[in-house]
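Straight from Swiss-Prot, the features:
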- C13: active site, nucleophile (ACT_SITE)
- R19: active site (ACT_SITE)
- D130: active site, proton donor (ACT_SITE)
- A2: N-acetylalanine (MOD_RES)
- Y132: phosphotyrosine (MOD_RES)
- Y133: phosphotyrosine (MOD_RES)
Amino acid sequence: MAEQVTKSVLFVCLGNICRSPIAEAVFRKLVTDQNISDNWVIDSGAVSDWNVGRSPDPRAVSCLRNHGINTAHKARQVTKEDFVTFDYILCMDESNLRDLNRKSNQVKNCRAKIELLGSYDPQKQLIIEDPYYGNDADFETVYQQCVRCCRAFLEKVR
């Protein structure tokens, strides 16, 4: 039997309390449901350091719980090591992408492929908007986008 190669993905947004923890939790559930979680290293992080150590926004936790998904994530900032250890760094908007590309240019031997998670959306919604100043419906929109994008991403790289 061929040995499975472990792949890794880091989901990134501005503060790591709304969008990226939702994407991380959605992707964890997808790979768990498909019995391939042992083949993946999955995490999420922030381009900023504002929320380091904080739990996800209660509205994000509630949205995930409504879909039967739990998370124990604590916010962290993206590190230089992430660019060397992760295969994929998937972010939510153009600002995240700019910040990550800038940081990656300072890293020797960057191996991560840095992309917008929305680039995998079959509905072609490239940007996953920050729901922080929005309402529960905005968090649900983020969740639905993450489900579509994570499914398509997994299908492509599996």
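Cβ from N, Cα, C; glycine included.
Since the structure is predicted, the reported quantities are computational estimates derived from the model, not experimental observations.
The distance from the Cα of C13 (active site, nucleophile) to the Cα of the residue listed as 'active site, proton donor' comes to 8 Å. Taking CA atoms as the reference points, D130 (active site, proton donor) and R19 (active site) are 7 Å apart. Here the Cα atom of Y133 (phosphotyrosine) is found 12 Å from that of R19 (active site). Counting other Cβ atoms within 10 Å of each Cβ, the modified residues Y132, Y133 show the lowest value at Y133. DSSP gives Y132 (phosphotyrosine) a coil state; it is part of no helix or strand.
The Cβ neighbour count for the residue listed as 'active site', using a 10 Å radius over every protein chain in view, is 32. Straight-line distance linking the Cα atoms of R19 (active site) and Y132 (phosphotyrosine), rounded to a whole number, equals 9 Å. With all protein chains in the displayed structure included, the most crowded Cβ environment within 10 Å among the active-site residues C13, D130 is that of C13.
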